[in-house]
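Here is what TrEMBL says about this protein:
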BINDING   Asp52, Asp54, Ser56, Phe58, Glu63  Ca(2+) 1 binding site
BINDING   Asp91, Asp93, Asp95, Lys97, Glu102  Ca(2+) 2 binding site
DOMAIN    39-74  domain 'EF-hand'
DOMAIN    78-109  domain 'EF-hand'
Amino acid sequence: MSLTDILSPSDIAAALRDCQAPDSFTPKKFFQISGMSKKSSSQLKEIFRILDNDQSGFIEEDELKYFLQRFECGARVLTPSETKTFLAAADHDGDGKIGAEEFQEMVQS
């Protein structure tokens, strides 16, 4: 399964266009434009599984910087400040990584 099986390719493209400039990525806005914020819990778990590149059950900081590239291989890498802000917003238990439940809470809140 791929992200375009769950999210509209045109919504993904619009979300990526919105954050092309360095330091312009905002997770909440990206989730809204891409349509992720409207998806069910089971769909968000599937999206998380796809984004968890090493299938560890967590999205770690080194995976997070490539977040946009998981949607389109030519997309930019998140800047260090964007990556840290994204991680801090989702990592509720302070373990330095984002679990599936933390991801789902962030997308749906």
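Yeah, the Cβs are placed from backbone N, Cα and C, and that goes for glycine too.
Whatever TrEMBL says is automated annotation, not expert-curated.
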Query = Do any residues at least six apart in sequence from Phe58 (Ca(2+) 1 binding site), in the same chain, have a Cβ closer than 8 Å to its Cβ, and if so which, in order?
reply = Asp52, Lys97, Ile98, Gly99
Ask   = Counting only residues 6+ away from its ends, which parts of the chain sit with a Cβ under 8 Å from the domain 'EF-hand' (39-74)?
value = 1-3, 6-7, 12-13, 15-16, 19, 25, 80, 83-84, 86-87, 96-100, 103-104, 107-108
Key: Asp52 (Ca(2+) 1 binding site), number of other Cβ atoms within 10 Å   = 20
Task = List the other residues in this chain whose Cβ sits within 8 Å of the Cβ centroid of the Ca(2+) 2 site residues Asp91, Asp93, Asp95, Lys97, Glu102, in sequence order.
result = Phe58, Ala90, His92, Gly94, Gly96, Ile98, Gly99
